[in-house]
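Taking it in order: structure first as structure tokens, then the write-up.
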Amino acid sequence: MNRLTASLLSALEAFIVVAIGVFIPLVPLTVLWGVQYGFTVDWMVFWRAACDIWLLGNGVDLTVTLDEATLQVVGIKDAAAPFAVTIAPLAFALFTVLMGVRTGRRAGRTAAWLQAGSTSVVVFALASGAIGISAVNAVATPSLLQAFCLPALVWLLGLAIGTGIELVRADESAEPLLARLSELRDRVPRHVEIVLLAGLRGASLAVAATVAAAAVTVAAGTFLNFSTVVSLYQASQLGVIGGIVVTIGQIAFMPNIVIWALAWFTGSGFSLGTGSTVAPAGTVTGPVPGIPLLGVLPNQDFTFGFLGLAVPIIAGFLAAVAVRKSVLAGIGGRSNALWLAVTAVVIGVIAGIQVLLLAWWSGGAAGPGRFVEIGPAPFAVGGLAAVLVAVGCLIGMASGSAEHSLAHRHDERAQNADR
């Protein structure tokens with residue numbers, strides 16, 4: 001595939017991903033426009049709302065200014081001044097990243113991967129910027145600078161992951177960049193390289209396992225509290241179409257909720273507004289909107305809450321078991337206990353950084369007043385995750401060392417018996 005063809009295909013894919021991302025909220029909003037409002041309201045209102053949702057989901061901040069009539073309905077004094085909405089429904093960002101990985105892998109199989117990727121990023125930035133311009137109105141105004149930059153950066157993240165997957169499999173001699181990276185890699189001491197690679201792999205495994213456990217917990221909580229969720233739906237009196245729209249909105253925030261459950265496992269928990277806390281130590285929420293999915297929140301007297309702290313510890317233990325053999329094989333005759341301990345600490349630090357980033361992306365401001373703080377505290381969650389994962393890794397490395405020592409003694413006894 002030549003450079004022009006690869007660039008055009010990547011640009012087309014970028015444009016299609018932007019279009020699909022906007023159409024996902026636009027379709028139910030258009031149905032709402034026809035069924036609920038009988039086509040009497042200007043359709044551009046719903047177009048701008050769909051654009052705002054997509055931009056917000058890809059990291060763009062919105063500035064909301066309510067008129068007098070809306071202020072009387074809302075009844076929140078702090079809403080009289082313009083306020084920011086910064087919390088991102090991460091399902092949109094996740095979709096963008098996954099599609100970017102797909103495009104990046106396709107581009108990575110060609111010799112023109114750099115040109116194709118660069119072209120798609122430029123097209124994505126221009127398309128998202130155009131959407132930001134079309135969404136500007138008196139009520140909600142997206143940051144135009146962020147509209148041109150942040151969605152493209154989310155797309156670039158997926159591209160980098162996808163392209164990297166393919167380049168790792170490519171022949172180093174056929175790719176100058178890979179050859180250069182290989183030269184730089186050769187300058188790093190072998191044992192340091194082994195520890196860093198094992199740390200990255202182990203941390204990713206630990207975080208993935210903890211996220212999976214958090215997702216299962218959210219699903220189980222929804223099932224066990226289904227009657228409460230249904231009661232909140234009934235109390236809101238949304239109607240069929242309104243209920244569908246609210247459900248789609250909750251699905252868009254599902255990745256956020258999973259990350260909040262992960263934060264709960266660290267012991268730090270998360271906040272649903274200034275002065276509120278949802279943590280193993282207890283739940284204090286204060287007045288919150290009647291969002292049906294909030295019915296899955298744990299009760300104030302959740303007796304076994306601190307058992308959740310075992311999840312990142314177990315994840316760290318499993319990560320240590322997964323990487324221990326490769327570390328031992330790489331460090332050779334060096335002090336095994338020392339380098340295994342160093343690897344465990346490195347896994348914990350990298351896992352803490354990853355969790356910190358997830359916590360940071362999952363929170364933000366959801367409105368005026370006490371709702372300017374929604375989600376986990378990134379540094380607290382990341383720090384606690386690092387400690388818990390490192391503890392689990394140290395246990396895993398130590399238990400493996402004991403097992404290896406017993407096996408070694410058993411072999412020595414067998415050899416002595418043969419003599």
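Cβ coordinates come from backbone N, Cα and C, glycine included.
Note that the coordinates shown come from a computational prediction; the quantities given were computed from them, not determined experimentally.
Annotated transmembrane segment per TrEMBL: 12-35, 79-101, 113-138, 144-168, 194-220, 232-253, 302-324, 336-359, 379-399, in sequence order.
Within the chain carrying the transmembrane segment (336-359), a Cβ under 8 angstroms from the stretch's Cβ atoms is held by residues 191, 195-196, 198-200, 202-204, 206-207, 210-211, 259, 262-263, 266, 312, 316, 319-320, 323-324, 327-328, 375-379, 381-383, 385-391, 393-394, 396-398, 400-401, all 6 or more beyond its ends. As a quick check, the transmembrane segment (79-101) and the transmembrane segment (12-35) clear the bar of 3 or more Cβ pairs under 8 A, pairs 6 or more apart, so the two touch. It is 12-35 that, among the stretches 12-35, 194-220, 302-324, 379-399, forms the most Cβ pairs under 8 Å with the transmembrane segment (232-253). Against the transmembrane segment (12-35), stretch 113-138 has more CB pairs under 8 A than any other of 113-138, 144-168, 194-220, 302-324, 379-399. Tertiary proximity for the transmembrane segment (302-324) is limited to same-chain residues at least six positions away from its ends with a CB under 8 Å from its CB atoms, namely 198, 201-203, 205-207, 209-210, 213-214, 217, 264-267, 279-283, 340, 343-344, 347-348, 351, 385, 388-397, 399-400.
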